[in-house]
Amino acid sequence: MGSVSNQQFAGGCAKAAEEAPEEAPEDAARAADEPQLLHGAGICKWFNVRMGFGFLSMTARAGVALDPPVDVFVHQSKLHMEGFRSLKEGEAVEFTFKKSAKGLESIRVTGPGGVFCIGSERRPKGKSMQKRRSKGDRCYNCGGLDHHAKECKLPPQPKKCHFCQSISHMVASCPLKAQQGPSAQGKPTYFREEEEEIHSPTLLPEAQN
């Protein structure tokens, strides 16, 4: 009977092995596609604060020194820090990264020991701020260039044309603005008068003689 029991046991094991589910091809492909996280350390090679990305110079991988260093792409969204996220050139970092079709890409970037990154002192200059500065700030109450209307010390002034300073009409219906060419539009009358006086031949000594 012992031999019969052994045969039954062997047969049961074989049957169990046959019934064991095999790994689906989809699961195997998914496991192969999942990025393998690697650990590295190094410094920030460069970082563009306006674009929000740069490259790390990896000097060690999994505790093993690399010579020469290897570049690893970094995006601001991967930085472990508060507030505006950026990196300072030469800043020491630790990070996890993966291999992609484009190269090495960082997954999470911290300072040494997992602390917050220091970040760059630079801040991007917004286009809206540059446009606002180029046009200049003007007080809509008195026309002054050194303050805003809310800071004006004069009482409320009557509304007037910002082009010729006349109170009889607004800038949209200004006859002088309509007569001027595109190059003169946007310049108040007193600016144009000063330019005309500067370029007038009556002020030149040769013309007076």
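Glycine too: its Cβ is placed from the backbone N, Cα and C atoms.
The annotation domain 'CSD' is assigned in Swiss-Prot to 39-112.
If you look up Swiss-Prot, you'll see Gly2 marked as N-acetylglycine, on the strength of a large-scale study or a structure entry.
Sequence annotations record features per position, and here Swiss-Prot assigns phosphoserine to Ser3 (among others).
DSSP assigns Ser120 (phosphoserine) to coil, not to a helix or a strand. Neighbour density for Ser120 (phosphoserine): within 10 A of its CB lie 18 other CB atoms from the protein chains shown. The feature phosphoserine is assigned by Swiss-Prot to Ser120 (among others), with a large-scale study or a structure entry given as support.
Annotated phosphoserine per Swiss-Prot: Ser200 (among others), in sequence order.
Here Swiss-Prot flags 1-31 (among others) as region 'Disordered'.
For the region 'Flexible linker' (113-136), the model gives a mean pLDDT of 71. Residues or ranges marked as region 'Flexible linker' by Swiss-Prot: 113-136.
According to Swiss-Prot, the region 'Disordered' annotation covers 178-209 (among others).
Residues annotated as zinc finger in Swiss-Prot: 137-154 (among others).
For 159-176 (among others), the entry in Swiss-Prot reads zinc finger, with the evidence type sequence analysis.
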